[in-house]
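Peer 1: First the structure, which I've put down as structure tokens, then a few questions once you've had a look.
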């Protein structure tokens, strides 16, 4: 019974897929290999499971430890920022909350102003300077001269510890800058006047952000104009006059030093991103220099585009407070992102800590390598033991191997009778006997070569058929009836046997399969049961090769006084129903359908055209670049309503060797 699908028959691809799932008999060919494979597989599974579990534990522990360290790192950074913020904002708030000398612009009550700010700077070494901006444009600034940049900018005399800058007006109302230099004890020992540089505190971001407000605000980070250091400003309006703004510059060197010093691994990095994802502080000194070089005073930094990690985090921000794996190039990083909210400085920014996963897992990987080495040694020992054990029980295996080789040659005369106390060998013996019986059954109704190809392709599975594109070739001997009438049956059989031997050799050499010998006719087919992408070409080449061989055959016939066998060929390509049909006890592998009928009709049409090899347009369409054809027009084959394009096969475009002619079965 044909197995039907939506198109009527099972598709050839589905048949091949189902047969691909069947276990290969090569597993039964070597007990030694099978025994060794089973033992090795068991040991590998057990060892891999144990090593894998140990590695997973070590990996999880390493990642968990890294996450804890990252959280602790972020906590310490927040504490440092909190200390800087608290210390600075406390000084600014103190000055802004008391109705004191800062309510009047310089030069009034200069000593009181200097005393307060000098004391504040002395207590806060991270403060670069403290200043006051007035609504009139007056400005008062106390600078710590521990900074070499400030000493150079102000040309400070030796022994100066504090510089006091003030913007005042002379008697004519013209602005000028006064700079006072104080020693470490607070005594003034030098004074210098300079023309005003046009600085107006009222235009500065720190003044505009705090004026008329109540709470302290933070500005930056930015590169300080004089020192070039990374800094921020905390400013607040004076409570006595909200148009007077007190500001303090905070140097963030302690933060940058902390980031560069506190590293989880050699290549781990940490950096701070602003609200729009631009880096402002980085633990890597090279990256920090690029960041500093790309920004100006009071202006945020531009992102260095060549840093893949920063760009990846900007494009796909990881969730805050949760460690995430981030792929950058061919390296994976464990990344933690935490918002900075508890401190005034850098509030609204994010700190990012990233460590290469391979460095975090270095210890776990070392443990894995050690485990694999031990497991490998165990496997090697087990393989040796398995080989020794298999050698003791493989006496019968060689006999089974010989029997398998005989089956491969379709030798069914020698029985397979191997006895063994090993269950696997006994099972294999039974399986081979069943295989022998199955192949022998096939040999009852199809030639051995067809059986061999059918078994190799997996198409012999009982009564089944499917649609398959094939190239069919039919042949017939001209005037064979007359030849038979003039010869004895023995002579006819002898001539036909030699003739069919010739056909079998040439068809097999061109990857074809002889489906049937019917009288003096031959029905051969390509692309079934073995797939052949060049089936049409191979069929044409086969017909030409048979004609060439027949010349020698007929010469021998003439020399022996026997008749020549003039053979006609018909070749057609198309879809046919291919499979095994018949009764349960007698199956026949064949092809049916219009394709087969057309090939048979083409063979007969040679008489009308005076040709020997005719092919259809479907054949020409597939191999016109490899085979030479002569068009003969169109004609209707018997039993068909539509006309066919008829061509004579006259030769090949180029000669090919046997390998080019097709793939051996």
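Using the three backbone atoms N, Cα and C, a Cβ is placed for every residue, glycine included.
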Peer 1: Can you dig out which of the ranges 12-32, 33-53 Swiss-Prot describes as transmembrane segment?
Peer 2: 33-53
Peer 1: What's the number of neighbouring CB atoms sitting within 10 A of the CB on residue 520 (Mg(2+) binding site)?
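Peer 2: A count of 20.
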Peer 1: What residues, ordered by sequence, lie under 8 A Cβ-to-Cβ from residue 476 (Mg(2+) binding site) and sit at least six positions away in the same chain?
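Peer 2: Set apart from residue 476 (Mg(2+) binding site) by at least 6 residues yet with Cβ under 8 Å, we have 520, 521, 567, 568, 603, 604.
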